[in-house]
């Protein structure tokens, strides 16, 4: 059994194959996922699992150098935005429109779908290097 906290084999597999600047998205339950992008669907019921707990678990495994967030997030869901900033600390944030974020999903290695129902609870994580 794995010693690290992330137990989902699909997420672990995607992360282990990622290289520098590859992208992985985490989305709320309403985020449209392109057909060509791998969908890792964790959504069980409304709110489960949550976006923040999923983000925290993935960040324990993935080295991230930059995040892409919809610029609408800060205004529409300010509490979520503050929590994201606290979690990612000094990681570079690039703000793009929600429409641009949805277009970027086709370039992601996968999208992890949560049960989250907070508006704009979506993020793209750009992989960094550990050396």
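Backbone N, Cα and C atoms are what each Cβ position is placed from, and that goes for glycine too.
Around the Cβ of residue 20 (active site, proton donor), a 10 Å sphere holds 10 further Cβ atoms from the protein chains shown. DSSP gives residue 20 (active site, proton donor) a coil state; it is part of no helix or strand. Residues annotated as active site, proton donor in Swiss-Prot, with sequence analysis given as evidence: 20.
Swiss-Prot lists 28, 98, 120, 121, 122 with the feature substrate binding site. Sequence-distant neighbours of residue 28 (substrate binding site) (same chain, 6+ residues apart, CB-CB distance under 8 A): 51, 113, 114, 116, 117, 118, 119, 120, 121, 122.
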Going by DSSP, is residue 98 (substrate binding site) sitting in a helix, a strand, or coil?
helix
Ordered by sequence, the long-range same-chain Cβ contacts of residue 98 (substrate binding site) under 8 Å (at least 6 apart) are 70, 71, 72, 120, 122
